[in-house]
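Down below is the structure, laid out as structure tokens.
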Amino acid sequence: MEKNAVWVDACGLDGDPDLQFLLKGGNLIKVKSRSWRKTRFFRLNDDCKTMWQQTSKTFKRDSGCKCLFLAKKQKYISSVNIQSLNQTKSWIYSCMRKADKNSDNKMTLKELKHFLRQINIEVSDSYAEMLFQKCDTSMSGTLEGSEIKLFYDLLTYRKEVDMIYAKYAHTNGQMSSGDLLNFLQYEQREPVSLEYVQNLIEKYEVDETAKQNKYMSKDGFLMYLNHEECSIFNPAHKGIYQDMRQPLNHYFISSSHNTYLMGDQLKGASSTEAYIKALTKSCRCVELDCWDGANGEPVIYHGHTLTSKVLFKDVIKALKEYAFKTSQYPVILSLENHCSVEQQKIMAYHLTSILGSALLTHPLGDQMPNTFPGPEELKGRFLIKGKRLNKLDAAFNNNTTEDVDSVSEEDEAAEVKEAEQKPKDKSSKKIKLAKELSDLVIYCKSVHFSTFEHSRDNHSFYEMASFKESKAMNLAENSATAFIHHNMDKLSRIYPAGSRTDSSNYNPVPLWNSGCQIVALNFQTPCKEMDLNQARFLPNGKCGYILKPEFQRDPASQFDPKNLSVGPWLQKKTLHLTIISAQQLPKINKDKQTSIVDPLVRVEIYGVPADNASKQTHHIDNNGFNPTWNTNFQFTVHVPELALVRFVVEDYDAASHNDLVGLYTLPFTSMQNGYRHVPLLTKRGSLIPSAGLFVHIMALDAE
């Protein structure tokens, strides 16, 4: 028997047609352009998590964008959901095969110890020997066949799941439909029907007899616990569920700063790839710093630095192709214009010719609006943010503005120059603006901010200011209520301080608390701030738009995040949270075979100042496979609609800083009560296969 077959059989994956198809592999077509297409062979690696590509060339970075399309078997990417495979079995199966050093389809005691280190668990020699002897029923000195299956069952046994199952399995030791209904209604706080329960049994029960009797066995229950219905993230929030017809300024909008950069602000590469990456992360406002380029073609880069340059037209082409693949809702192009009039006209030409009808060039409707349209009305459209020579009313009055006139610089550009100038040289510089580019600015006209009173009395709804980080934080700290009311009528954009040359980020939460919509971050930098940003935009279909709470949209509201008074925002909750266990945490130091993690879990709350909190478990020595804490936490959350909950798993180190193992962040209002599985992500936001936390959550109204 082939080695693959032996280990697949031992782990219970034999006969799985989807897995067999993936392991066998198939042809895909690599597409670089309309004319460049090559066939490539791909198959699932033995680890059942990564893909292998057949190639005759050494790897080099491809500057172009790659898309893979199925050549023959559409099933490869559409019908087969790799996550639906039993990832625990897949992962352990892979590690067992690697531990079988001599490929004899048997496991010696030495190989068992090696295997345990591979799956991130350190045990004493005596425990390893005890486990081995317990499974070696044939007393042959090796484990094979059914003995490996017994070893697998002992290894993956979860006492905490057994206890939960036993508590509710009141029908001949199994969960009947009624038992499962009780569990879901009482423990999980889900108002579901018996029909829903029976559908769950049909979906997850692995035993046909139990399924026919409408029972859920322990294996079926474990399967359910590891799938979407039992995730900490509420599946009802996975798709678009919010009202998308409110005015545009009533939403938080996922926004990127200096989107073109792949790295730092001084010498990093500029690339269309950076825009594509941001768009795939649901970003809906991207930035374009535009400068005169060679041969009459404008370029995008961070001016007066060593960052590389990318053609403006190439960026617009990439935006046209990728803007609406992740989300159909509008994309704002924030222009920082440093170009000559001649190249501004080229910019306008590229925008109109490449984007075509997707580019909004006139207000919606046949008369001057007094508020923004909603994301739903603007689906599939590009909005230009930039300077405009006149008021928007001119779009309805035979726009007769001069072809060229002077306007002040963008605030962010002026700030950079101000930092470079001597104090006596400081002045507001004017730039020439071409009418062709000016006319493309409809709902997002850039203006300078003076005071909230000045904006209220002098600026129309479509005239918006950009605030540097320090100015915005100061307003959020000292004038939050006024800031919130300003944002009820207008859009506000926040950008990082010029001193953040390393592309680090500021905390976006205080700005969201103040109702700011376009809180621009450096998307290329993995950090806590980007975790919070991705969590804010995790619900509502990851569409890049989140409807602000009503108390940030109601003109009668007096909400102040710093000084909480009685009002609709005050929905005080007590969060009871138990960190029960973790499963299959990845090894941090993969180069060192004996390196085993000592995990701890920290839970952080971010929201209004009164809600900010952090608590952590003790660490578990030498166990990344199935550590158990059973640690209880209690948090008080005053404004749940603005709160985010962050789970961080770290490898404890007494001598230096802890290393990150994995993390997951989500809005407080998107958490489900009850026993829940928490997936874990890398610092760059990629899912860690098989790894996760098991927790119990109960958010109750506070007294």
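Count begins at 1; order follows the chain as displayed.
Each residue, glycine too, has its Cβ placed from N, Cα and C.
All annotation found in TrEMBL is predicted automatically rather than curated by experts.
Here's what TrEMBL has on this protein:
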ACT_SITE  HIS257  active site
ACT_SITE  HIS302  active site
BINDING   30-57, LYS385, LYS387, SER466, ARG493  substrate binding site
BINDING   ILE596, ASP598, ASN622  Ca(2+) 4 binding site
BINDING   ASP651, TYR652, ASP653  Ca(2+) 5 binding site
COMPBIAS  414-429  compositional bias 'Basic and acidic residues'
DOMAIN    437-553  domain 'PI-PLC Y-box'
CARBOHYD  SER138  O-linked glycosylation site
REGION    401-429  region 'Disordered'
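Where TrEMBL records a feature, it is marked here on the structure.
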| residue | record | contacts (Cβ under 8 Å, 6+ apart) |
| --- | --- | --- |
| SER138 | O-linked glycosylation site | GLU147 |
| HIS257 | active site | GLU287, TYR495, PRO496, ALA520, LEU521, ASN522, PHE523 |
| HIS302 | active site | ASN258, TYR260, LEU261, GLN265, LEU266, GLY268, SER270, ASP289 |
| LYS385 | substrate binding site | CYS285, ILE332, LEU333, SER334, LEU335, VAL441, CYS444, LYS445, SER446, MET464, ARG493 |
| ASP598 | Ca(2+) 4 binding site | HIS619, ILE620, ASP621, ASN622, ASN623, ASP651, TYR652, ASP653 |
- request: List the helix, strand and coil residue totals of the domain 'PI-PLC Y-box' (437-553) as derived from DSSP.
  value: 49 helix, 23 strand, 45 coil
Message: Using a 10 Å radius around each Cβ and all protein chains in view, which of these binding-site residues has the most neighbours: LYS30, LYS38?
response: LYS30
Task: Let me know the most crowded of the binding-site residues, choosing from ILE596, ASN622, TYR652 and counting other Cβ atoms within 10 Å.
output: ILE596
Query: When the number of other CB atoms within 10 A of each residue's CB is tallied over all shown chains, which of the binding-site residues ASP651, ASP653 has the maximum?
result: ASP651
Query: What is the interatomic distance between the Cα atoms of LYS30 (substrate binding site) and ILE596 (Ca(2+) 4 binding site), given in whole Å?
result: 39
- request: Would you list, in sequence order, the residues of this chain other than ASP651, TYR652, ASP653 that have their CB within 8 A of the centroid of the site's CB atoms, where the site is the one recorded for Ca(2+) 5?
  value: VAL597, ASP598, PRO599, LEU600, HIS619, GLU650, ALA654, ASN658, ASP659
Message: Taking only the residues in the domain 'PI-PLC Y-box' (437-553), give me the average pLDDT of this model.
response: 96
Query: Taking just the CA atoms, what is the gap between PHE42 (substrate binding site) and ILE596 (Ca(2+) 4 binding site) in Å?
result: 32
- prompt: Taking just the CA atoms, what is the gap between ILE596 (Ca(2+) 4 binding site) and LYS38 (substrate binding site) in Å?
  reply: 43
